[in-house]
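As written in TrEMBL, here are the features:
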{"type": "TRANSMEM", "residues": "6-29", "note": "transmembrane segment"}
{"type": "TRANSMEM", "residues": "41-62", "note": "transmembrane segment"}
{"type": "TRANSMEM", "residues": "74-96", "note": "transmembrane segment"}
{"type": "TRANSMEM", "residues": "103-125", "note": "transmembrane segment"}
{"type": "TRANSMEM", "residues": "137-158", "note": "transmembrane segment"}
{"type": "TRANSMEM", "residues": "170-193", "note": "transmembrane segment"}
{"type": "TRANSMEM", "residues": "230-249", "note": "transmembrane segment"}
Amino acid sequence: MLINSLLLLIEEALPISIAYAYLCSFFHYQVNHHTSKNHKITFLLNVTIVLSLLLGLAFSSIRPTLTNMVEGQAYELALVLFIALFILFVFGGLIASTARISLALLSASLVCIVIPHASDFFVFMQSVFNIDTSTEIYTGILIGLGICFSFSYLLYFFCTRVLNHSTFKILLSLFLAAQIAGALTILEQIGLISSSLPLWDSNFLISESQEYGQLLKTIFGYDATPSIEYIAVLAVSIVLTSVFIFKLIPPQQERKS
């Protein structure tokens, strides 16, 4: 159970950790390294995550109802909706004219990515606690949280201290494209979009079920068994998000409050 809880925690918490690191990095650039403003924004984003976890718990309680709606596809459609809202809020926040609007929209995007992942983890924990309450579960959760927190901080450090602004934009573009491609995978799973056979299987190199596979999948949409549709959507998404971010994001300068 230690490994299962560890891997699931990483799978669900890693996208949140990466999104959080990128949002903090974005504001770091926009406020010109102003320490007090950075601390205030970080605090507000932390509060947003906590509130979103509570919303995720509430969302997990209505999952049984959703699974019986829209021919059993309502939950998956809700996940796609969360992804769409996440992308829209991020884009809106990136091009917002004032810091307040930007913070509000990007906080909303954080809510949209936290709720579904938190819901999945809460459902897993509820099912596990019904059959096993050993300390291995808690150990796996604590280790997973430590890994995700550490990676989030390291990613933020590299984005703001090591990498330049253009490289940060590339990483953000890849992350957003990965979320869009993930929506395609969900639609394929419920049969709303047809999918061809996988072009290859690279699980023998990097398995999606392992930590590195989950990391690569979250960062830039790695898929060990991709279809031609998945590759096409991922490639187009990378191009579109890159063009959007590089052309429309304001230059590195402090915004009006």
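Glycine is treated like the rest: Cβ placed from N, Cα and C.
At the 8 Å Cβ cutoff, the transmembrane segment (103-125) and the transmembrane segment (230-249) share fewer than 3 close pairs (sequence separation 6 or more) and do not count as touching. Panel annotation: around the transmembrane segment (137-158), residues 1-10, 13-14, 16-18, 20-22, 24-25, 28, 125, 128-129, 211, 215 of the same chain, lying at least six beyond its termini, place a Cβ under 8 Å from a Cβ of the stretch. Sequence-distant contacts of the transmembrane segment (170-193) (same chain, at least 6 residues past either end, Cβ-Cβ under 8 Å): 15, 18-19, 22, 26, 73, 76-77, 79-80, 83-84, 86-87, 90, 113, 159, 163, 217-221, 223, 227, 229-230, 233-234, 237-238, 240-242, 245-246. Packing against the transmembrane segment (6-29) from elsewhere in the chain are residues 37-38, 41-42, 45, 49, 94, 102-103, 106, 109-110, 113-114, 117-118, 120-121, 124, 140-141, 143-145, 147-149, 151-153, 155-156, 159-160, 165, 168, 171-172, 175, 179, 209-211, 214-215, 218-219, 252: each is 6 or more residues past its ends and has a CB under 8 Å from a CB in it.
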